[in-house]
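Peer 1: Swiss-Prot feature annotations, pasted as is:
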{"type": "BINDING", "residues": "T8, G9, N10, P11, G12, K13, S70, F154, G155, Y156, D157, K177, H182, R183", "note": "substrate binding site"}
{"type": "BINDING", "residues": "E40, D69", "note": "Mg(2+) binding site"}
{"type": "ACT_SITE", "residues": "D69", "note": "active site, proton acceptor"}
Amino acid sequence: MQKVVLATGNPGKVRELASLLADFGLDIVAQTELGVDSAEETGLTFIENAILKARHAAQITGLPAIADDSGLAVDALGGAPGIYSARYAGAEASDQQNLDKLLLTVKDVPDEQRRASFHCVLVYLRHAEDPTPIVCHGSWQGVLTHQSSGSGGFGYDPIFFVPELGKTAAELTREEKNAQSHRGQALRLLLDALRNA
């Protein structure tokens, strides 16, 4: 079984990706379990930040690495919070603080203009100097609610309403979310790419 470092310290992402990767034959180890600190996210896009994180983890551990960079893009805010989703309310902000700031920012935005999309970029590096990383992108369309609903998921899930399902992302079962989400989409693309590599 191939050991691969997961270049994230976000426990929500670790849980979600570990459950999605469970059947693929990869021994996924979170970078925090290997004593790897988070890489500085200096990129201007999800792709740049995911590559930075994967390269950092691969350099330190000597293992192949998978990194995720993801976030929420709100149409009415020109794509914000975007790459700053995890630190929208400040560098040390909690998920709840980020969510509260976003709700306050869009409180006067009318319902028909509350479109948003989650984006996830997954990068796989075979080694730290890999010149051809595998890069996969998934996106998930929804609408921002006016208040939180649901207790599942993490981050902005309680205010991300999925019209086709009639629920917020936080109200979905793990199976429903994995089948629909930006991260589930990106991971299926990554697994297909790894099978064909």
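Each Cβ is built from the backbone N, Cα and C atoms, and glycine gets one as well.
Just so it is clear, the model here is predicted, and its values are computed rather than measured.
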Peer 1: Can you tell me the three-state DSSP label for D69 (Mg(2+) binding site)?
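Peer 2: In the DSSP reduction, D69 (Mg(2+) binding site) maps to strand.
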Peer 1: Calculate the distance in Å between the alpha carbons (Cα) of T8 (substrate binding site) and E40 (Mg(2+) binding site), and round it to a whole number.
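Peer 2: Between the Cα atoms of T8 (substrate binding site) and E40 (Mg(2+) binding site), the distance comes to 12 Å.
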Peer 1: Given a 10 Å Cβ-Cβ cut-off, pick out the one of the binding-site residues T8, N10, S70 that has the most other Cβ atoms nearby.
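Peer 2: It comes out as S70.
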Peer 1: Tell me the Cβ contacts of E40 (Mg(2+) binding site) under 8 Å, same chain only and six or more apart in sequence, or just say none.
Peer 2: L52
Peer 1: Which state, by DSSP, holds H182 (substrate binding site): helix, strand or coil?
Peer 2: helix
Peer 1: How big is the Cα-to-Cα gap, in Å, between G155 (substrate binding site) and D69 (Mg(2+) binding site)?
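Peer 2: Cα-Cα distance, G155 (substrate binding site) to D69 (Mg(2+) binding site): 13 Å.
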Peer 1: For a quick check of understanding: among the binding-site residues G12, G155, which residue's Cβ has the most other Cβ atoms within 10 Å?
Peer 2: G155
Peer 1: Please report the Cα separation of H182 (substrate binding site) and D69 (Mg(2+) binding site) in Å, rounded to an integer.
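Peer 2: That comes out at 11 Å between the alpha carbons.
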Peer 1: Could you measure the widest C-alpha to C-alpha distance across T8, G9, N10, P11, G12, K13, S70, F154, G155, Y156, D157, K177, H182, R183, the residues recorded as binding substrate, and give it to a whole number of angstrom?
Peer 2: 21
Peer 1: Measuring CA to CA, name the entry from the binding-site residues N10, G12, D157 that ends up nearest D69 (Mg(2+) binding site).
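Peer 2: With Cα distances computed to D69 (Mg(2+) binding site), the winner among N10, G12, D157 is N10.
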